[in-house]
Amino acid sequence: MNTEAEQQLLHHARNGNAEEVRKLLEAMARAEVVADIDCKGRSKSNLGWTPLHLACYFGHKQVVQDLLKAGAKVNMLNDMGDTPLHRAAFTGRKELVMLLLEYNADTTVVNGSGQTAKEATHDKEIRQMLEAVERTQQRKLEELLLGAAREGRTAEVSALLSRPNPPDVNCSDQLGNTPLHCAAYRAHKQCVLKLLRSGADPSLKNKNDQKPLDLAHGTEMKHILVGNKVVHKALKRFEGPLWKSSRFFGWKLFWVVLEHGVLSWYRKQPDAVHNSYRQGCKHLTQAVCTVKPTDGCLFSVRCFDDTVHGFRVPKNSLQQSREKWLEAIEEHSAYSTHYCSQDQVTDDEEEDVASAMDLKESLARAQTCQQRLDREIYNFLKMIKECDVAKDMLPSFLQKADVLSEASRETCVALSDCLNLFTKQEGVRNFKLEQEQEKNKILSEALETLATEHHELERSLVEGSPPVSILSEDEFYDALSGSESEGSLTCLEAVTARAFEENEVPANSGKHRMSEGKDCGGGDALSNGIKKHRTSLPSPMFSRNDFSIWSILRKCIGMELSKITMPVIFNEPLSFLQRLTEYMEHTYLIHKASSFSDPVERMQCVAAFAVSAVASQWERTGKPFNPLLGETYELVRDDLGFRLISEQVSHHPPISAFHAEGLNNDFIFHGSIYPKLKFWGKSVEAEPKGTITLELLEHNEAYTWTNPTCCVHNIIVGKLWIEQYGNVEIINHKTGDKCVLNFKPCGLFGKELHKVEGYIQDKSKKKLCALYGKWTECLYSVDPATFDAYKKNDKKNTEEKKTSKQASTSEESDEMPVPDSESVFVIPGSALLWRIAPRPPNSAQMYNFTSFAMVLNEVDKEMETVIPKTDCRLRPDIRAMENGEIDQASEEKKRLEEKQRAARKNRSKSEEDWKTRWFHQGPNPYSGAQDWIYSGSYWDRNYFNLPDIY
């Protein structure tokens, strides 16, 4: 590239020297000069801008026209995310806007400020023009979608719906038909499946008051539209040669096989026949295919784990065209998604749709025969009654008896066929069940053996166990997954209880709270009518020594986890909604943040609050109870200056939403939590999904973040311990400041156990402050230069510290380090932001509760008259466990689960959707992510039409 020519092009485009620009473009066309027409400037006056951006901004129409004719990219982005259309619209240059639109400028591109060209302009006429063009472009896309649905072009439908700004999937034509109508009446099954997955509404009607179901042809299509399910009568194996892309080796030819929802690839066809030397495979659950319109052979498959695999159909392969591959992948993806992603807890759903359809047809035939038999018996009895009157009816009588006999025989045959089908189906299912049970038995024994050997190997490499932690994690409230699940969480009740017997030690009483904190566990402050908060539970916890964890967890392999009933002994007497409320234990940090005028100091307090939210999990081995759908919890703390309401808004996946507000109208704190779980054999990892938002009303600021990932180690053998790791990014949406905290993984010798480090940065990524500490104990702030110097010096001494750490670990292999003031080295010049409060003396006997947690389930007669009947405090199983009545708690827990299951079945039969009471789903006003927003009116105390969940 000729850098000098590019600089000249940028200069002349900026200054409007049309003749000079034309000369350069002609020289480039003749290949006399090699330069990029879309080059970006590097000097201060044109940094990151292309010649077209500059010409549009400064209003040089002739230059713009010449550049576009020469092939300049009309939708090129500068470093601020602006297209040339943004710049022309911003400066109010109507003629240039029209010219750019003639060259198909995209009006939907959003720049770095979150604005489209329409939103960037101050000119009313330009805004109206862009709105009209947007409508036209959108309608063109809708017409393309309708046409593709009519013709069954699944790849085109997928490409249109995968655009950054896709057409409305529920758009309609002149007759009111949506794309789903069009695909349904033409019997394009793959298109229907794709549209349904993309949010097409099967209940919409056209102008003739017809739904897609009314226009559908065939039982299979109708079944898909009725239940939004897929009938898999005979999922065919599909195979053939495909080129597959690789990051390091480029394109390579494989023999690719699609079977039972799994995509596998082999070096050659004979390997696929014998299922040997498989080079790789991918389950197609929730897989999405995308294509490039410019290449008729290329397509890619995005799998459920966000990995993308590129394929190319060989040009000489006529039998396996790209369209056939796409249809086959869509079909196998639908199969895999249906059987892997459906709610398996709904007992009224048939597991095998195809067998159920066969049985239905067989029963229908039997019913027809039975009705005929009833009619013949009726006529036969009538003839018998008339037999005394007419003696000459004997021949007719005998003939009728023959007909009756034949009808009986046909009925018996039909019922026998039906019985045979039932018998065959039962035999096949029993055989498959025995096979799966044997597989699970072998796999679980092998897993236990491998885990034991691995544990012993680790102990031989490191003379002693690494430092362990037995913290309980909020997000782990009812699950393990065979691979990865966002569904019902029921199985992890056993997980966090495993180490209780090994670590029943109270927290170090040497810890102290910083002066700004307030006592959560005592005092005379009023809270829902309670004058003095309790400092103990009615009954201490029971011993868990007699319960085997692995004997329960091994049942999780290959099974739906929500079906496994866990002993209530592994619980603690709190609902998960109450555990969420423990975020508010250190509310004083929010009040302190509001009192500061410096945004950096406010961010420090918010970061400390985010870290302190998980601190209560230290040594909390009990698992909170699963909230029932519609369950609520409220807490009013006048002494801490807040009130909170939470609700279980979804059961599959389990989502808990909460909303807290300051009593002095100084803050709002809200969010929704649900975990994404992965089972790795020896450990379980939970990635907490959901956005947490804090609004400081006095400063008109909003902060958002997500919690770190939590991992439970040694669930099979060895000491159970939990660590939290991953980055937590706290964003100030007003100033653009960010705080990036790194929750560090433990490491080989436990050097980084529980450590948290990070920086506060402004929007230009300049470091303003460094933060460090442990999430189990404290957090400090220090100047970033001082912190970097300390880290650099610490790195030099790493080997010496490792040796020292290894020696100390070998002496105390089974001990968990208790956090104290010396476990975090305080860098000179540091300021303490937060320190954890000491726990009450009886904490070890009270489920290792903090003083704050001790009062969460407290209730009296006055409070019972105020709170709604859905409040956690009124749950009989939690109340029984708190009172030490374990047997009653277990019975009540089972009763409530069965009641919830029955209510779900009744709603399914009546086609009634569950409606949340205090929250509604919508985008987070600051991050844009899907969230649950408080609807208001809870504190009006008008609790009518509440569900009966207890």
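Every residue, even glycine, has its Cβ placed from backbone N, Cα and C.
Segment annotation: Swiss-Prot labels coiled coil over residues 430-463 (candidates 430-463, 770-803). It is 469-483, from the ranges 469-483, 679-693, 814-828, that Swiss-Prot records as motif 'FFAT'. For the compositional bias 'Basic and acidic residues' (890-901), the residues of the chain that approach it from at least six positions outside its boundaries are 345, 347, 565, 567-568, 625, 628-629, 651, 875-877, 880, 949-950, judged by C-beta separation under 8 angstroms. Sequence-distant neighbours of the repeat 'ANK 1' (47-76) (same chain, 6+ residues past either end, Cβ-Cβ under 8 Å): 9-10, 12-18, 21-22, 25, 28-29, 37-41, 82-85, 87-88, 90-91, 93, 95-96, 99-100, 103-106, 109. Break the repeat 'ANK 2' (80-109) down by DSSP state and the numbers are 16 helix, 0 strand, 14 coil. Helix, strand and coil counts from DSSP across the region 'Disordered' (881-913) read 26 helix, 0 strand, 7 coil.
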